[in-house]
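Comments concern the structure below.
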């Protein structure tokens, strides 16, 4: 077991001990009292039998892992990245520790929550130019002061906000992101989105700033996009052109909406992961909303999705190994260990470690920090730099949808909650997709960005499968009993007509917009 101490910290932890096995003895502690700047605190109950050979302490904060050893009075604390200073490893992490970290996300069904994240483009209403960092800083400061958000700083620059379990952050090109709190119902999720948009607009409108809900910057080139002052983005910006032709477009010109969902056990994680990957192309089609590049149609319905096909093949894609009989937490760890790293965070600075792997780090073989070994914060940071269509952390992230207007921000979590949080619908999806081959899944992923619901599949179109899938999502929501199925209305219209949001925009562009993209800023204004 790796032991980590944090000198001079404000952490105050009392811990009980539970003994477990994940290939070797590991002590998992109950963190009863934590005084720390935690971004997303959340206590969750985990069945002692819910994860592979791991007896995990019964109460476990979602973003804080506490471990105490009988041998030493030392504590590991892994909080939302990055924490203020690096933790100091006094004993090497093992692969079993990394597996145990993922397994610690298991939660009993009554504790499952919905976490929604969305990005949007800020722009000057008069010029349609993107917000500069100075305007973003003014906006963040204004929201903080008016609505009581805590500021997140990198050096002397404001780069985000925190309030309870919500956070606001900046993507590389100034895209404005809300990472929502883990919530019980879709009504709460949609209320959170509406509250956030109200607060942002209250400050932004006074500044002459608007926000656009679309998947790809429709008007401006890369050279016109401001660069945010965040250390990790500088490292990524230098690395991206070495591994793909569209990585910088991904960083600076895309916006997405995604939903984060829980699992009860390793077996439950596997089922949801497989269903999510199989259906991700359908979500991409239903939410396709990025048909313009630099003022003209780009030939795609979801340019955002297309961009991921040539961003960095080492860390993206459909992960065919998830469908192997041997798949589980350990196999995902093996995959993540060999994904090239971006950085290590030490002494409030990002250190460039591109091209090396976490496996190298575990062996103390990173040239950027010779001989140093990783801690759980490093692992947590690394997992955030992997970008498959579905991503595993201590929950599953559905990552296939374009950004869009506010009703679609509520529709995406409704779609996935109806499918994955209802046992009948989930099993129906697994049965429906059981004989889909790896080649078919890959074909759908590659063709959907261009042809959407009209993508041919077997003896019909993807549209026909989407009809069945949407019915399963609606039925699943109705069985939940929270009267949430109305949140699917936005995608129900897409499925009824077979016309994606992007195709509607193209029709407007070729019709009443007179082949100008400028009206899209009003059409999709929040």
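Glycine is no exception: its Cβ is also placed from the backbone N, Cα and C atoms.
Feature annotation from TrEMBL assigns disulfide bond to 190-410 (among others).
In sequence order, 341, 342, 343, 344, 361, 366, 368, 369 are the residues of the chain that are 6 or more apart from residue 353 (disulfide bond) and have a CB within less than 8 Å of its CB. The disulfide bond feature in TrEMBL is assigned to 353-368 (among others).
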Disulfide-bonded residues: 368, 410 - member with fewest neighbouring CB atoms within 10 Å: 368
Number of Cβ atoms other than its own within 10 Å, given for residue 190 (disulfide bond): 22
